[in-house]
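Colleague: Got these off TrEMBL a minute ago, pasting:
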{"type": "BINDING", "residues": "95, 96, 122, 206, 207, 208, 209, 264", "note": "pyridoxal 5'-phosphate binding site"}
{"type": "BINDING", "residues": "125, 263", "note": "N(2)-acetyl-L-ornithine binding site"}
{"type": "MOD_RES", "residues": "235", "note": "N6-(pyridoxal phosphate)lysine"}
Ligand SMILES: *Cc1c(COP(=O)(O)O)cnc(C)c1O
């Protein structure tokens, strides 16, 4: 019996404590956490520097509103601008809000209404971002949706040719996260960029899941030859404190003048303190290089161990946003992995998504691979015994 709406199919796990890559439940069962709060706790659980930063800010004040000057917002904004192609930041509280801001800004700046997004994308649960999300199951029962979104197939270069100059913006993830851990191809990204230039449309990159070092760069678009007009961030930005950010280029700044948009909690100083400490660590070159190295190690070892398993289609992703794409539904496997004390999550019906903290050790990756191997070996037996 719960006093909450049953919007989540929760696991039967109650966490007592979490530290680094590990969580301990109420029965002292210890799990290796390759979910990281859904790509949020990129520094692992309870990072000391984030904790200290939050505590220091709590000792000063924890809410003031955006009526006041807030130097800590400026510090975080500066760091985001210096590590991206953007020039100015708008702070909010979530990924959906960051995308909502991007959609509003794109409409107001261009004076056009149509936004192009892609099938299997995920952009959030508010009306605009649910409408932007190219998945029927997310939208079912909530219509009529915002009508000005057009969906195209992801990684399909040809379809972009049919767009007209009534497009305000093209919005996409460079690795579709919820939609199955699908990286964009180089060709597709070049074509998206070219199309935006041709049509006078803005390019919005949704980095809510892929950003903040998750793929081994500050933002995943930096793997491509790309300079987006707008970048949205959230999830990993505050290491678990709620914060979102929309980062935009200089030419857009005047469009969001005083009174045009806002958020009471946006840029809350406690979230800013968390973001400041998070970015100070993750946006270091050495740290990001290490993420790339871990990624190569993990992908190679995963491929060696389960690459030829009859269920496995491919191991894919970027950095430490990885997916094991399978030929059958994987709900059962995720549950079995959990029983082996490895926490993972699905991305669509057939993909096991692995989101270890970026601070994961090589030993921990080995432990995970061992558990994955165990569970996949069992699949073989149970199918053969049928
Ligand atoms: C999680 C996610 C969102 C939504 O973020 P919320 O903070 O849940 O609103 C939007 N876009 C992408 C790519 C995401 O992964």
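Every residue, even glycine, has its Cβ placed from backbone N, Cα and C.
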Colleague: What's the CA to CA span in angstrom from residue 122 (pyridoxal 5'-phosphate binding site) over to residue 235 (N6-(pyridoxal phosphate)lysine)?
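Modeller: Between the alpha carbons of residue 122 (pyridoxal 5'-phosphate binding site) and residue 235 (N6-(pyridoxal phosphate)lysine) there are 13 Å.
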Colleague: Give the subset of the binding-site residues 95, 207, 208 lying near ligand 1, defined as CB under 6 A from any of its atoms.
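Modeller: What lies within reach of ligand 1, judged by Cβ under 6 Å, is 95, 208.
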Colleague: Report the same-chain neighbours of residue 235 (N6-(pyridoxal phosphate)lysine): residues 6+ apart in sequence with Cβ closer than 8 Å to its Cβ, ordered by sequence.
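Modeller: Listed in sequence order: 38, 39, 40, 95, 208, 209, 211, 212.
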Colleague: On a count of neighbouring CB atoms within 10 A, which of the binding-site residues 96, 208 is highest?
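Modeller: In terms of Cβ crowding, the pick is 208.
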Colleague: Could you check which of these binding-site residues, 96, 206, 207, 264, sit within 10 Å of residue 125 (N(2)-acetyl-L-ornithine binding site), going Cα to Cα?
Modeller: 96
Colleague: Around residue 206 (pyridoxal 5'-phosphate binding site), how many other C-beta atoms are within 10 angstroms of its C-beta?
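Modeller: 32, counting other Cβ atoms within 10 Å of residue 206 (pyridoxal 5'-phosphate binding site).
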Colleague: Which number gives the other C-beta atoms within 10 angstroms of the C-beta of residue 122 (pyridoxal 5'-phosphate binding site), all protein chains shown included?
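Modeller: There are 25 of them.
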Colleague: Compute all pairwise C-alpha distances among 95, 96, 122, 206, 207, 208, 209, 264, the residues listed as binding pyridoxal 5'-phosphate, and give the largest one in whole angstrom.
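Modeller: If we measure all Cα pairs in 95, 96, 122, 206, 207, 208, 209, 264, the largest is 25 Å.
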Colleague: Of 209, 263, 264, the binding-site residues given in the record, which has the fewest other CB atoms within 10 A of its CB?
Modeller: 264
Colleague: I want to verify one value. Collapsing DSSP to three states, which class is residue 263 (N(2)-acetyl-L-ornithine binding site)?
Modeller: coil
Colleague: Can you check which residue among the binding-site residues 95, 125, 207 has the largest number of Cβ atoms within 10 Å of its own?
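Modeller: Comparing the binding-site residues 95, 125, 207, the most crowded Cβ belongs to 207.
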